[in-house]
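J.: Sharing a structure below in structure tokens format, with a few things to ask.
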Amino acid sequence: MRLIVDSTEVPHAMGSCGKNGGCPSDYIAVAISLLCFILLLIKATLPFLVHKVPRPKGSGFWIPVIQVFASLNLLLSIVMSINFLKFKKKHWWQSCYLWAVWVEGPLGFGLLLSCRIVQAFQLYYIFVKRRLPPIRSYVFLPTIVLPWIAGAACFPVNPPSSLLALLIYLYCSLGKKLTTEFVCTVVLHKKKPLNERCHLGTRWIIPVVFLHTTYVAALVGFTVAIRHIEFRFHELKDLWRGILVSTSSVGLWVTAYILNEIHDDIEWLQVTSRFLLLIMASILVLAFFSMSSSQPLLSKMSLRKREATEFETMGRALGIPDSGLLLQREPAPDIDPNEPLDKLLLNKGFRQSFMAFADSCLAGESVHFYDEVHELAKIPVNDPVRRIYMARHIIEKYVIAGATMEVNISHRNRQEILTTPDLAHPDLFNNALNELLQLMKMKNLAKDYWSSMFFKKLREDDTGSNGHELEVVTGWNYSPRLSCVHGEDDPFHEEHPSKSSAHDTNTQDVEQQ
């Protein structure tokens, strides 16, 4: 007695490639899908390999990685579940239930759609609500994938769990006795929802299609909610493109299913439909992948390969060039070591030199943070989209725990930034900036700079050119009194000095500094 568990087990009498797989068109489709996946890997890794961009932390890195993983699962599941390849010997890992139910569903198309929904959800909260999402992506993503996992785990076989059916199948594959084969045949095939061609039964196709369309509709809903935002990195365009190809894929799959069920005796229809399904899935994984939502700066660099240096910083990508757009300029006086540090940092030449010195001391995060907040202040308050882009970039790079250049600020100030109700607020980073300025003075970083080779080189290169000009910006009130450090000015004290109280510090301490 012979056990037939999935669509890969077909009668030997059927030698045609239409049912057994291995047609020339099948191998062409597999080659095209492999090429598309390679292009996807190049698209995902280009900024890191070519431009030597440091790997970001958090969802900005892991969501694109999960998208690549889900894309591989989707393509591989289609190849394995509908007979693209012809195997001489059948193995347990060719199970139709494994590939069509688990790999293609929760780990493939479902996971791919869920990643894009997470990205659209983040864009909605950041640009429409102007605040960080209330649910972290590592919680939200498994939550919305859960219906796919529940559907696969409860897929209607007898017993009513495809996971249990798979375990029974493994036991049956190793079984040698006739009684074992008989029991397995009765248990697994009394009510099998997948036929010999790995197609769903008619009564199960409606719930599966409903699950697919529900997730596409959710993605459409978030996209419509953010359609009025003037994005700078093609986020909205990428979302609409993903919706178009995912809808087309679901429509093609349903059409192919209906035609194959009606004309199951037409061999060329089976070959053509599975060829188009795999090609459409290959287009889907390429068009669906996007880093513009999670890492907008990286997506800009990958699109402008020859002009990567033009987008080294978020300020340049947002149109805030070093020449001083959106600000007034006046000639800077000679650099005086007796001047307060926060006033000296307004001098671009000094700031760059001091930043290089701080980097050499492995303490450059605070200066880099100051520099990017300084760039943020150049963006007008009536341009909230660009301010949100810059604020989000600063938070992901400097503020969140485990950031690539996490700054040493108090928990109070960190939470104040992360829970802000308005990411475009002009005073969002003021308290953290004041705290870091005080911290730099407590560490005597400025005092060590005056005796370093960096200051000597700055003196030699200082010719009063445009490179050393004082940048006067709005959005952050400069106060020379912030240079004085009292015992009670501990940045980790319970009560932090506010922006207004900084003007009340004694003038005598500035002279002592």
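Cβ from N, Cα, C; glycine included.
Predicted automatically and left uncurated, TrEMBL annotations should be read as such.
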J.: To which of the residue ranges 105-127, 128-150 does TrEMBL assign the term transmembrane segment?
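T.: Matching range for transmembrane segment: 105-127.
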J.: When the pLDDT values for the domain 'RGS' (340-458) are averaged, what is the result?
T.: 90
J.: Taking residues 6+ outside the transmembrane segment (238-259), which of them lie with a CB under 8 Å of any CB in it?
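T.: Tertiary neighbours of the transmembrane segment (238-259) are 113, 116, 119-120, 199-200, 205, 209, 212-213, 216, 219-220, 222-223, 269, 273-274, 276-277, 280-281, 283-284, 287-288, 290, 292-293.
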J.: For the transmembrane segment (271-291), what are the same-chain contacts with Cβ under 8 Å, counting residues 6+ beyond its ends?
T.: 17-18, 23, 25-26, 28-30, 32-33, 35-37, 39-40, 43-44, 47, 64, 67-68, 71, 74-75, 78-79, 82-84, 112, 116, 119, 235, 238-239, 241-242, 244-246, 248-249, 252-253, 256, 259-260, 298-299, 302
J.: Can you tell me which parts of the same chain pack against the transmembrane segment (61-85), counting only residues 6+ beyond its ends and a CB-CB cutoff under 8 A?
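T.: Counting only partners 6 or more residues beyond its ends, the transmembrane segment (61-85) has Cβ contacts under 8 Å with 7-8, 19-22, 26-27, 29-30, 33, 36-37, 40-41, 44, 55, 94, 96, 99-100, 103-104, 107-109, 111-112, 115-116, 118-119, 137-138, 141, 197-198, 274, 277-278, 281-282, 284-285, 288-289, 291, 294-295.
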